[in-house]
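As given in TrEMBL:
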- 13, 46, 66, 76, 77, 159, 192, 210, 211, 220, 221: substrate binding site (BINDING)
- 75: active site, proton donor (ACT_SITE)
- 75: active site (ACT_SITE)
- 219: active site, proton acceptor (ACT_SITE)
- 270: site 'Important for dimerization' (SITE)
Ligand SMILES: N[C@@H](CCC[C@H](N)C(=O)O)C(=O)O
């Protein structure tokens, strides 16, 4: 069957977005991996499916799949692209959109300048719920890897994140440590691994090795998790500019129990059709 899709990105974190309201794509893990392939397919970090909601008082449901075919709970950059997609495709005229994800209901607000703010909900900090193999909640956890003790903070934005504070993101061991931490027994559902350099109390640089993908040019939930971990460790204020390899996000977090607001751009690259 032939499927219409839109290629989009949020700061270089790229997506294949499919309207699964007017089309019914049959995509299993193998088909998603084939489409995600950057040589033999379309190439993307995540696939986003826009569907009708299954709950009342919600505009849409959107589902997220990593390039390795695994379905995931949340995607910050994807959420902004989803909002631009449903407006550009005239699936809604609303500038405040409520969307159902595997993580609950998220509200997205399209601003006059075209940037999109997402209410990302409150971070989950209880270790069993992130999840990490620890019994007591702490701002800094440790694990042993290759005879080295690694310190990290942890938070779930619906999806699990570990955040390491580093002196310099340029030289941080993202490629070597990222895959080892992603699959470390400390993280029963695997983990997204952020490497954060604190530049000032309101400014960080961040690289993220994403679960199910590898290093991406930006990770919205990773930026939220870094802001949370940095604030809990006393390093950051409540509003932070996050410099990612693909560009900047603004994160606001008043503190524990409160929602994070993430603001940034969403870009359409092209529209296409592919035979599945
Ligand atoms: N790029 C995303 C996160 C996508 C999901 C992640 N790889 C996971 O497995 O949890 C973002 O912008 O948040």
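The backbone N, Cα and C atoms fix where each Cβ goes, glycine too.
Bear in mind that TrEMBL entries carry predicted annotations, made automatically and left uncurated.
With every protein chain in view, the residue among the binding-site residues 66, 192, 221 whose Cβ has the most Cβ partners within 10 Å turns out to be 221. Residues near residue 219 (active site, proton acceptor) in space but far in sequence (CB under 8 A, at least 6 apart, same chain), listed by position: 13, 76, 77, 192, 194, 206, 208, 210, 244.
Within 10 Å of residue 75 (active site, proton donor), counting CA to CA, the recorded positions 211, 221, 270 contribute 221. DSSP assigns residue 77 (substrate binding site) to a helical segment in the three-state reduction. Looking at the residues that bind substrate per the record, 13, 46, 66, 76, 77, 159, 192, 210, 211, 220, 221, the two CA atoms farthest apart are separated by 16 Å.
Taking the Cα atom of each, residue 270 (site 'Important for dimerization') and residue 66 (substrate binding site) are about 20 angstrom apart. DSSP assigns residue 270 (site 'Important for dimerization') to a strand segment in the three-state reduction.
Cβ neighbour count within 10 Å across all protein chains ranks 77 highest among the binding-site residues 13, 77. Residues 13, 46, 66, 76, 77, 159, 192, 210, 211, 220, 221 make up the record's substrate site, and a Cβ search at 8 Å around their centroid adds 45, 64, 72, 74, 75, 78, 208, 213, 216, 219, 222 from the same chain. Mapped onto three states, the DSSP output places residue 221 (substrate binding site) in helix. In the three-state DSSP scheme, residue 211 (substrate binding site) falls into the coil class.
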